[in-house]
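Heads up: the structure comes next, in structure tokens.
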């Protein structure tokens, strides 16, 4: 008879310890970039969807921006289309863009919307094309010191946040696919990390949370003792040139968000069930927190 009592007491302590964070975040917007392994494991997908519903029912306003790299790569392979990456970004030809557009909104976004809506009529899927949410501008990247064209890859030039604010006010959870036109109507694929940062800034979010496939930010990867729990934007800017190429878009996104007025950005391990709740509602958190200098 003692074990259930201990279990109940432990659960009560966990819930009670979350109270300060629930109060701090009540009524605030939290932008979550959903990607990596959390998008490919069925248990993690279900846990993430439940986390978003939990936030919503606690009076917090989650906005999900999702990637789809593994799914796009799988579809390109299935169709016999060559794929390439430069500087951490997918090289996007018109043919690749058609596949990305189909997979992001038609497959990945739909699946997440359905997982969330298994808990109630909450999620609404949108793309950067809807209500002119994003206006893109062509992006080049620097690879080994050389400016490199990566095709129809865009950065976010402008965010028209009104449509998402309307959804939030209606109690919905926006699920955003990052395809968007430029000023001339040419559609681009926007890196989901980049889009999440721009959206967090435009929405006046309290936090930007980035799911990854590592425990957080390592200052000297692969030395696992170099994991940092908190870092400011000044130190992070100095560290940026030394990072692995796959981490660069995520760290650039954190810097953009925090420099744009978002109080904190968080790089967390999406391979852990309920990682978003652990990061937001515990003192210890998980991963790396980025704050202003």
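A Cβ is built for glycine as well, from the same backbone N, Cα and C atoms used for every other residue.
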In Swiss-Prot, 68, 69, 90 are given as binding substrate, so which of 160, 189 is in that site too? 189
Among the recorded sites 33, 250, which residue has the fewest other Cβ atoms within 10 Å of its own Cβ? 250
Proximal but sequence-remote residues of the same chain as residue 90 (substrate binding site) (Cβ under 8 Å, at least 6 apart): 69, 72, 83, 84, 96, 100, 150, 153, 189
Cβ proximity for residue 68 (substrate binding site), under 8 A, sequence spacing 6+, ordered by residue number, returns 35, 39, 100, 103, 104, 107, 108, 177, 192
Could you state the CA-to-CA distance between residue 33 (site 'Transition state stabilizer') and residue 250 (site 'Transition state stabilizer') to the nearest Å? 10
Name them in sequence order: residues not among 68, 69, 90, 189 whose Cβ is within 8 Å of the mean position of the Cβ atoms defining the substrate site. 67, 72, 73, 92, 100, 104, 191, 192
Secondary structure of residue 69 (substrate binding site) (DSSP, helix/strand/coil): helix
